[in-house]
Amino acid sequence: MASKAGLGQTPATTDARRTQKFYRGSPGRPWLIGAVVIPLLIAAIGYGAFERPQSVTGPTGVLPTLTPTSTRGASALSLSLLSISRSGNTVTLIGDFPDEAAKAALMTALNGLLAPGVNVIDQIHVDPVVRSLDFSSAEPVFTASVPIPDFGLKVERDTVTLTGTAPSSEHKDAVKRAATSTWPDMKIVNNIEVTGQAPPGPPASGPCADLQSAINAVTGGPIAFGNDGASLIPADYEILNRVADKLKACPDARVTINGYTDNTGSEGINIPLSAQRAKIVADYLVARGVAGDHIATVGLGSVNPIASNATPEGRAKNRRVEIVVN
């Protein structure tokens, strides 16, 4: 019986051990509280370590920022140096251009100065890193400067400086107006001087005693031009034939032919047009035998109107050429 009893107790012990190995009771309340609180404490510690208050360690005030420099503003203050100077029949060019096209624009604008027989000293260099003044519309400036034998133009940063000796304040102002119209964003400094009145020479005699009055009597006043035109009419040729005769009779006489326009359009258009009108009259006089080196021409644009530009009749009178004995 004892043997049976021992055998009967063994399975009970085995079942008990199996029950202890695979069966777990519910976790207690303290364990659950710890499982919730401990992660919260860790998160709070991490926040305190990595999230610094701005009031303690952050910068105060407005933070400086880096902004790109405006290319337009920078170019206005960093134009390359350029010098254009005229001495009689010699024009000297010194400076830098970024490419051949920019240099070609200057040479085209200089057409009014580069007459046959003019010597050009070209010391222009091409440097791709520089910024230069735009001369693509600058021809009126040099056309207006033709009567100034020592004309100079200098470009430095954002300033254009004009120099030379003009025969009159009209010529001085014409160059300034042309430069201002061509480069409205530049500072234009007009240092052109006006020559003083030359001491009177011995009085002329005969038909040359009062040549200006004689020419005025022949022309009957200024020679007029049609709207936007630079062409002479048959009546003008008859008048200029008689003017040429007067000038040839006074071989020492010198004249300036001033061209004008009405106030229609900008001076960038008016000055070249007025210069063209003066030149066509001068060319005809030369063709009739007047010495070319005794004639100077200048385009003055719309300045010095002789009639009101408010009416078509007044504008027609202002489109004119005047022959002035020097």
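Positions of Cβ are set from backbone N, Cα and C atoms, glycine also.
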Item to check | Annotated range (Swiss-Prot: region 'Disordered') out of 1-21, 253-273 | outcome: 1-21
Checklist entry - With every protein chain in view, how many other Cβ atoms are within 10 Å of the Cβ of C208 (disulfide bond)? => result 17
Checklist outcome for this item: For C250 (disulfide bond), the number of neighbouring Cβ atoms whose distance to its own Cβ is within 10 Å equals 18
Checklist entry - Can you check what DSSP calls C208 (disulfide bond), collapsed to helix, strand or coil? => result helix
Item to check | Averaged pLDDT, computed only over the residues in the domain 'OmpA-like' (212-326) | outcome: 90
